[in-house]
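Enquirer: Quick one: the structure is below, questions incoming.
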Amino acid sequence: MEMYKNVKGGGRVAWLDNVKMYAMLWVILGHVMTIVIKTNVDLSGRVMEHFIVAFNMPLFVMLSGYSNFNAFNRIVDKQGLWNFIKKSTIRILLPVVTFCVIGMTPNFLLSPFWFLNMILYLMLGFSVIHFVVYALHKQHLFGVSLLIFVLAFIGLNVLWIGEMCTYYAVGLLCKRYGVFDRPRRFLFPVILFVGIALFAIVWSSGHYSIKESSFYHSGFSQLLSKGYLFLWAERQILAIVLCFGMIGIFCNYDTRYTLFSWMGSYTLSFYIFHAMMLRPFRNDIILDYFYNSVFYQFFYSTEILRWCGVLIVVALMTAASWGLICLCEKWKWSRLFCLGKLK
C-alpha cells in the first residue's frame, strides 16, 4: 500500500484511471463468459457479448490516444522520438515478449496479447508521423499528422489496425479540444443513453452477426471492396457514441484517487495476467476436468447460476491478477520484464 500512497499525490487523473479499470473489468467479463462459463448460449449472454464487443476495445484505444497526446507534443527532436519509442516499447512489448516465452506462444503477432501489439504499433506510427511533420514545418501541425496517420493505417487489416486507428484518432482529438476537461452533467448521460439505444436498434435488425464480423474478419478496405462500407460506418458510430458516454460519466463523477483508480493504472498488466490465466481453458484435457468439476456442474445448471458462476470467476481472476501485479512490484527485474516499468 506504500506505492498507493505515493501515487495518490503523483499527478495521475482519478477519473481517467477509473474508466481504464472499468474497461478492464468488461474485458475480463467478456472473456470469462465466452471461454470459461459460456453464458452466450443464452439470449442474455449473446446480447451481453455483442454489447461488450461493440465498445470495449474501442474504449481502450480511445483512452490510449487521449493519454498519449501530451507525450507526442513533447517530441521535437530525434532524441525525443527515440525516448518515446524506447519507453513505449519497454512498457508494452517487453512484458508481451516475456509472457509469450513463459506461455510458449509460437505466434507472437497474433498471441493472446494481440491487442497490446496493436496499441504499440498505433503509438509508434503516430509518433513517427508527428515527428516528421514537425521536422518539415518546425511546428506541430496536429491536423496534418492526424490525417496522414488515418490514411496510412485505415487500410491495414493486420491486428485490426484499420478498425482501431480511427478510435485512436478520436482519443487524440478529444484531448486536443478538451472534450473531457470539465463535467457535462446532462450531455454525457444523454450520449450514453443514445449509444445504448443505437445498440438496441442494431441488435434488433437481425443481422448483428454480419455486423460483428466487420470487426473481427473484415476491415475497411475489405468492406469497401464488397460494397459493405456502411457496416464499418455503423460500427464506428456505435462504438464512438458508447465510448463518449461512458468516459463522460466518469468525468462527471470524478472523485479522489482510490485503490480502484490505482488498479486502473495497471490495465496493461491486468490484460496480460488474465490472458495467461485463460490459456489453460484452451486445452481440451484441462477443459474436460473443469467441465466435470462440482463447481462447473452446479453453476452451469441454469441461466441465473451461469451468470453467478461467471461473476465469481471474474472476481477471482481480477483478485489473482492484482495479487500477481503487487508481487511483481516487489523486485526490480519482475517490474521490468512483467510490468514494463523501468523504476
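Cβ from N, Cα, C; glycine included.
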Enquirer: Of the residue ranges 280-303, 304-327, which one carries the transmembrane segment annotation in TrEMBL?
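Expert: It is 304-327 that TrEMBL describes as transmembrane segment.
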Enquirer: Would you report the average pLDDT that the model assigns to the domain 'Acyltransferase 3' (14-324)?
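Expert: Averaged over the domain 'Acyltransferase 3' (14-324), the predicted model reaches a pLDDT of 90.
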Enquirer: Ranking 21-39, 51-69, 256-274, 304-327 by the number of C-beta pairs under 8 Å to the transmembrane segment (227-250), which range is first?
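Expert: Most Cβ pairs under 8 Å with the transmembrane segment (227-250) come from 51-69.
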Enquirer: Quick one: find which recorded stretch in 51-69, 141-162, 256-274, 304-327 has the most Cβ pairs under 8 Å with the transmembrane segment (21-39).
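Expert: Checked against 51-69, 141-162, 256-274, 304-327; highest Cβ contact count belongs to 304-327.
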